[in-house]
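Taking it in order: structure first as structure tokens, then the write-up.
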Amino acid sequence: MDPGRSHIETIIESSTHKFILFDEPTEETIPYFKDLMKKNSCINIVRCCEINYDASLFEGVKIHELCFKDGNVPPKDIIERWLEILKQAFIENGKQKTTVGIHCIAGLGRTPLLVCIALIEDGMKPLQAVEFVRSKRKNAINSPQIKFLKEYKASKKAGCKIM
């Protein structure tokens with residue numbers, strides 16, 4: 001493991017999903033992350049950054065590309081694709097809680113932002129989602145992203161789950 005990286009992985013759970021948030025894998029850390037995905041029955045990884053590693057090294061895991069600019073908020077089409085990935089993963093897992101891996105470069109901006117969106121869709125209030133994620137992953141989510149989340153409206157009726 002790279003000792004300079006302080007946020008290796010964080011697990012956050014909602015009623016329908018378990019999220020594994022992590023830094024971008026490197027040649028040295030891919031074996032660790034492959035093992036982590038296997039131990040958590042994770043067959044979906046969402047990558048929010050540019051391609052910097054060989055995705056084929058994660059055999060048996062589907063890599064979804066949801067890239068958007070670091071420090072920014074996701075465009076509407078990225079949010080829609082994120083929610084569709086979560087819905088599909090839930091269905092493929094027989095409507096049982098399913099595990100989704102998600103990463104950007106440091107795992108502190110884009111990654112926790114998308115997880116907050118999922119938590120809001122799952123019925124959590126926006127600032128509750130931010131506080132919950134930050135309680136698990138220190139320094140996550142910047143001020144413009146928090147402003148975006150405060151104004152974010154779940155696509156479903158209040159209290160409905162991602163499904």
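Cβ atoms here come from the backbone N, Cα and C positions, even for glycine.
As given in Swiss-Prot:
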type: ACT_SITE; residues: Asp70; note: active site, proton donor
type: ACT_SITE; residues: Cys104; note: active site, phosphocysteine intermediate
type: BINDING; residues: Ile105, Ala106, Gly107, Leu108, Gly109, Arg110; note: phosphate binding site
type: BINDING; residues: Arg110; note: substrate binding site
type: DISULFID; residues: Cys49-Cys104; note: disulfide bond
type: DOMAIN; residues: 10-161; note: domain 'Tyrosine-protein phosphatase'
type: LIPID; residues: Cys160; note: S-farnesyl cysteine
type: MOD_RES; residues: Cys160; note: cysteine methyl ester
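Surrounding the centroid of the Cβ atoms of Ile105, Ala106, Gly107, Leu108, Gly109, Arg110, where the record places phosphate, the chain contributes additional residues within 8 Å, namely Asp23, Cys48, Cys49, Asp70, His103, Cys104, Thr111, Pro112. The average per-residue pLDDT of the prediction over the domain 'Tyrosine-protein phosphatase' (10-161) is 90, rounded to a whole number. A 10 Å cutoff on Cβ-Cβ distances gives Leu108 (phosphate binding site) a total of 21 other Cβ atoms nearby, all chains included. Of all the recorded positions listed here (Cys104, Ala106), the one with the fewest other CB atoms within 10 A of its own CB is Ala106. In this structure, of the recorded positions Cys49, Ile105, the smallest number of CB atoms within 10 A of the CB marks Ile105. Between the alpha carbons (Cα) of Ile105 (phosphate binding site) and Cys49 (disulfide bond) lies a span of roughly 6 Å. When the neighbouring Cβ atoms lying within 10 Å are counted for each of the recorded positions (Asp70, Gly107, Gly109, Arg110), the highest count belongs to Arg110.
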